[in-house]
Every structure is written in C-alpha cells, then in structure tokens.
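Student: The structure's right below; bear with me while I get my questions together.
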Amino acid sequence: MGILNKIFGTYSERELRRVNPIVNKIEALDEKMQSLKDEDFKLKTEEFKSRLEKGEKLDDILPEAFALVREAAHRTIGLKHYREQLIGGVVLHQGRIGEMKTGEGKTLVATLPAYVNALTGKGVHIVTVNDYLAKRDRDLMAPVYEFLGLKVGVILHNLNNEERQEAYGSDITYGTNSEFGFDYLRDNMVVYKEERVQRKLNFSIVDEVDSILIDEARTPLIISGQGEKSTEFYKVADYFTKSLIAEKDFTIDEKANSAMLTDEGVNKAENFFKVDNYADAENMEIQHHVVQALKANYVMKKDKDYMIKDGEILIVDEFTGRAMEGRRYSDGLHQAIEAKEGVRVERESKTLATITYQNYFRMYNKLSGMTGTAQTEENEFREIYGLDVIVIPTHEPIARIDNADVVYKSEKGKFKAIVDEIVERYKKGQPMLVGTVSIEKSEMLSSMLKKKGVPHQVLNAKYHEKEAEIISHAGEYGMVTIATNMAGRGTDIKLTKEAEEAGGLMIIGTERHESRRIDNQLRGRSGRQGDPGESRFFVSLEDDLMRIFGSERIQGIVDKLGLAEDEAIESKMVSSAIESAQKKVEGNNFDIRKTLLQYDDVINKQREIIYKQRSEVLEGEDLKDQIRDMIRDVVYTAVNSHISGVEEEFQTELQNLVNYLEDICLPKALVKVKDISNLSDEEIKEKLLEAVENIYIRKEKEIGEEQIREIERVILLRVVDTKWMDHIDDMDHLKQGIGLRAYRQQDPVQAYQFEGSEMFEEMIYNIKVDTVRYLFHVEVEKAPEREKVAKETSTNYDEDSVKKQPIKKENRIGRNDMCPCGSGKKYKNCCGRMA
C-alpha cells in the first residue's frame, strides 16, 4: 500500500487533483467580484435562484457562487477564504468529510457550501456540539449571509415553538446535534401539523463530525415521561450489593465494563431476597436490580463516569469531560448510582420517542462534516454513513514537534515526571495544556502542582461554565491549563508573542486514550496555522489502556529491566504496543457500534413506517376511508380468529365472537347468536360489518361530519403514539434478552429481526382495534378545538423540564395468557392473532 501511495498519491491527494480545477475557476473570478457594488450581492443571489429554477445544477453555479461568498466575507467581516478553505468548501459541498486541522478556519469554510445549498430554498443545517458554539458561529457569520440576502437562524435550548419555527424557516440554521434530533422526535409527537418546527431534512454540515457521528453514535436521543415503578428496590439492591466481597461474591470484567455474581454471590442473593432459584425467569426483576447495583458500585467511578452537583448525579462525557446536564443513564443504572451515592432516587422513565444520531443523520439528503481528526475512523464513516474522508492541506506547514511517548512502570512515577516537566517548562514561560482522562486525575495533578507553587487553571466538568474563557487564555506566556480530555474543543488557542518565543504551546498527555483520534485531537490544539509547539504523552503500565488491553510481554520486559518507578523507557516496541492496544480497542468499539446499528436498523425501519403514516394523518383532513378499512379489518379478523371450523364448538365460538365485538364496536344485544348461526363464515362477516357500519354512519350524523373527522384524527394519533411507546419498551426488552439466543445456535440479530417484525405486525393490529374501540365509545359534549395542545412529555436532556404525570400503563395481556373472551384458548391463538 505504501509503494502504491508513493506512485499514485494517497486517496485524498488523488481526489484533490479533481477539486483543484474548480478552485482555479473560483480564484479566477476574484477580480470580477471585487468590481461589484454592495447592492449587487443580493441581486446575484436572486439571479442564482432563478438559474436553478430554470434547470441549472448547483455545480454549474458553484465557482461563481463561491467567489461571491468569498468577496462578501471580505467586505463584511474582513476575512477572505484562502485557497485551502475553498478546497474544503468544495469537499463539503460534495457531501464528504473534510479533515481540517485546528485553526484552519472551519467556521468560515462552512459559509461556502451553506450558501450554495441554501439557494435551493430547502434549508441547510450547520451542526455544532454545544449551544455556545452554535450561537457564536451564527453571530460571527450572520453578516456574510445577510449581506448576500439570506436569512440565518440558530436553535438554542430555551427557544419556544414559534421561535424554533422561525429559526428552521431560515435559509441556514445553526444548532446542536441534540436540539436537531430532539426537534425531529417532538415533531413526530404533535397532534396538529401547525406545531411542527422542522422542514424536510435537506443538507447538513456537521462540525466536529467525529465527535457526533462516532463518539455519540451509541447514545440514543430519548424523549421520556415518568414511569410508574417504585424506587425502593434500588435501595434494597444497593444495600445487598454493598455487603458483597470482591472476587469471592462477584467478579469485574473491565473490558466489558460489567460485574457479575459468582456462585457464592448467587447463594447470598437467594438467602437475602428469600428466593429458591435466583436464575428463574420470575426473578428477572431482582436480577436486573442486582446487576445495575453491581455496576453502579464496582464499575462506575465517581468524578470519572459521573459527578454529584447539588444532590444530582450528572453523567460526565468520556470524550469531552463535560457534564451532560439533564442526561440520564437508561435501564435503571442512573437510579442505581443515585442509591449508591445516597441522593434522591428518581423514578425510572418511560421512553416516548427515541432515535440514535446514526439514524437521524442518515435521513438527510446530503451529509457532510468537518473535523481535525477523521482519518483513523475513515472505514467507519464510509461503511456506516457512505462518507469518504479527504485530508485538506494546511495553509501553513505544521511546525509542531511531536515527541515519542515516555513510559513509566507506575502511575505514581509517571505523575512525578509530569510535574517535573511542567515545573521545568513553566520556568521558561512556555504555555502548557495538560490533558487528563478524568476529573479525579485533573484534581490530583492540580494539588501536586499547588505543592510545587505552579499557578495553573483547571478545566473539567465541574467548571464547564468558564470553559471558553479559560481555554482562550491557554496560549498566554507562562499559562498552565489542566483540561479533562477534549474540553474547550471548538475554541482556538491563540499564542501571544512572548508565548511564541518561549516555544509555543506544549501539549502534555497524561495518559493514552483508547482512541488514537482523541489523542490526535489533543495534539492538534497546538501548532495552529504554522505556530510553533510541541507535544508528548506520558504513559504508565498501570494506565487503564495498558492494564486492560496492553500485552503482558511489555510488563515482562519492564520487570526484567528492573526499572525504578520514576525511570522512563522510550522504545519503539513500547510505542507500537500502545498503538496496537489502541487499534484493538478501536476495532472492538467499531464492531459494537456496527452490531448496535444492525439492531437499531430494525426499529428504525419500523419508526420510519409509523412516522410516515403519522405524517399522512397530520396532513390529511379526511380519514373516513382509512377508518372504514380499519373497521372491516377488525370485523373480518375477529371472525377468522374466533371460528375454527370445528362444528361442536361453533355455537360457543359465535357467542365469544359477539362478546368480543360488543366490547369494541357493537351495542349490546344488537346482533344475537341465533341471527348468524345459520350463515357461512363470509355471510357472518358481511352481516356483522353491515351492523357496525350502520352504527358508524349514525354516529357521523349525530356528531357532525366536520367534528367526527377531527375526532378520528386525534384518536388515531393518540392510539398510534401509545402503542408505539409500548412497542419501543417491548423491543427494548426483546433486545436485552436476545443475546442468550446464541446458546441455542440462533443468530441473535436474525432472531431480533424476525421477532421484532412479528411484534410490529401485532402492534399495527392493536392500533386498528383500539382506534375503532375508542371511536365507537366516544361521547362528545363540545367539538375539539384546534388550539395549541400542552406538551405532555419531557426530554431527558432538559434539567429544567417540568415533572410530568406518570403515564398510566394499561393492563396488558401476555401472549400465553388465557384469552379474556372466554374461548378457553391462549390469547395469541385467539383474539391476540389480530390484537
């Protein structure tokens, strides 16, 4: 591969050769654009729109449009895109990922493809990782777009519905990945189409694309309401778990990030909970709580995985070190941590709507992204999102010196060496950014530096508010900044003249992350736009990466050398062992994400069907034909599932059939068994359908045609939503137990697809039955008005969200329970065949 690259160039170099002629055309138009008057810019925008309407393609107008934006930026904000930024703009317009190093002006680059694609009138979303960056980037670039006659909006967390509609109605909309995703989910829960805020998803430019599409890929967006389970069991399970002895009663698997009971632990559980067989299916509730309590107490670490703030457990993002306000671990883990830490245990939530970032962003017509580090994950971008990665050349050559890793035997020796290095460089005034992997480590290092009298600033999840301000001073002379991982990403570190003379920004990594990309991001904070700088990672054999994934061979060599804890090793073998450990973890994580996507694709296809149908109900005014089809399906399926063809059971079956339909849509005693006992199956269907349709027609006359249409719409939407929420829960439970199928020589993914599909079919029938039932039992005093309905859900990311009333869960019949209609058959073989 290396030889081929030398002959033909890398993939990026080959692709850039195709982009260069386009950029030459853009640059050639520079003089023409400079001759335009200010008022001509808006006229050019109108001209482009008109050309597109007449059939020209975006690529036809691209050189001229890019040249126009370039000149507009120069006149409004005093910045002119240089050649490399124009290349980046073309790559993004083509629906690719542009790898642009820190400080190369990604925010300015985005204006080029955003403007061109906004000319279609279908909207462009520019996605950033937090509200601060979304607002900052919008404020910085708005003068450029407005000068060109385009409207630009920003979606912030605290906006109301009208403000969101206005922002999404703009030509270009800035916002965070979570706001865009949650708005999509909320739009699919509204009762009136006027309440929707988003348009169809057209073109998205994702800033820090690796962070959003890879690091966050496993994080589902969940809108939840409050569940109804008691929280007491979490406290009991916590009390039991704290009485256990490590290794004897339970074991911890660090690679899998889990803990499980040993045989001895199981015996203790049976005695404590007074059950005969802990593994019994009827004890699943106990198992669930114990597993989560074990994980909370012995796997999850305070100030690394979560932190406590004002009596609340906040998740700490493992990639950015930021506190994820309002986000909660799912599946009861958050409650188990609350019980462990002795804070108030909140009730488990019920999922009302959910989607992963993977599936949300794959819905855009065109997707592109920017980041400083994407190449290590190129395969994943290509395989999952169909995006290729193009490395954009830097404007100035990178002058940063990346030193080899220094490896120590113990963590204590490593931190002593880090402090010595900081003290040494502090004396000559060189600014330093020290990256740590957890709050705990950053605070430990901070106290060591205090003892040495080195002034410094700490940036971690606890001080999130000051993040941008702290990071903006990190390039000043003699400034030492300790930051958890990638905190402050998106804010440039600019060097002062004195700092530059002292050697530029020194990056010190206190531990290798399990992903090479995160390490590269930390390195990339130094050496922006040709600035001087330096980087070095300090590693110990006690670090998580080396301990869990490193090779025992290294440990053996170190032991043979008999190194003291503060003696360092610099060797190629150790460096390559670290890299292979990282590759191992990256491969492992990619496989996990791929498998999760296979599972998520099942429910994603189902979600698409439900949301598409829901949208049609919202848009369509008249559902009469659909309702009549539902009535026919309910009646016909009821007849098919109740009548077996066994003569001696015929009368009983007819009675059960009539009872069943009386519960749904027939008035009592309207149809008697004797009226239908001499008819064939087909005649019974027609007779019953005629009776039900007559009632429907009568109801329509009583209530009024306009009102009944509105009632049908509201009932159908409510039933779809309720059944879909229950289905999400059911699919979740199915997924949790599906791994055990491997023991039965079954492919778990195939089993999940097959059973999930069956459950979906059942849900569709349930929707029909319940819609008909509610419609035939509705009594109207006053017509429902088309007014703004109160939201009954809260998003799980919103710390200020109002506490909602618990959703009442209907008593649901198990598939293997006896059917309530009295037939003596199992529910799944009787009414359950259609419900």
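Note: Cβ is positioned from N, Cα and C throughout, glycine not excepted.
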Student: For the ATP site, Swiss-Prot lists GLN85, GLY103, GLU104, GLY105, LYS106, THR107; sort out which one of ASP402, ASP405, ASP420, ASP492 goes with them.
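Tutor: Swiss-Prot names ASP492 for this ATP site.
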Student: ATP site residues GLN85, GLY103, GLU104, GLY105, LYS106, THR107, ASP492: biggest Cα-Cα distance, Å?
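Tutor: Taking every pair among GLN85, GLY103, GLU104, GLY105, LYS106, THR107, ASP492, the longest Cα gap is 17 Å.
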Student: With an 8 Å cut-off on Cβ distance to the GLN85, GLY103, GLU104, GLY105, LYS106, THR107, ASP492 Cβ center, who else from the chain surrounds the ATP site?
Tutor: MET100, THR102, LEU108, VAL109
Student: Radius 10 Å, atoms counted are CB only; among the binding-site residues GLN85, THR107, which position scores highest?
Tutor: GLN85
Student: Non-local Cβ contacts of ASP492 (ATP binding site) (under 8 Å, 6 or more apart, same chain)?
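Tutor: ASP492 (ATP binding site) has long-range Cβ partners THR102, GLY103, SER472, ARG528.
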Student: DSSP on LYS106 (ATP binding site), three-state: which is it?
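Tutor: Looking at the DSSP assignment, LYS106 (ATP binding site) belongs to a helix.
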Student: Determine, from DSSP, whether ASP492 (ATP binding site) sits in helix, strand or coil.
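Tutor: Coil, per DSSP.
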Student: Test of understanding: give the count of other CB atoms lying within 10 angstroms of the CB of GLY105 (ATP binding site).
Tutor: 18
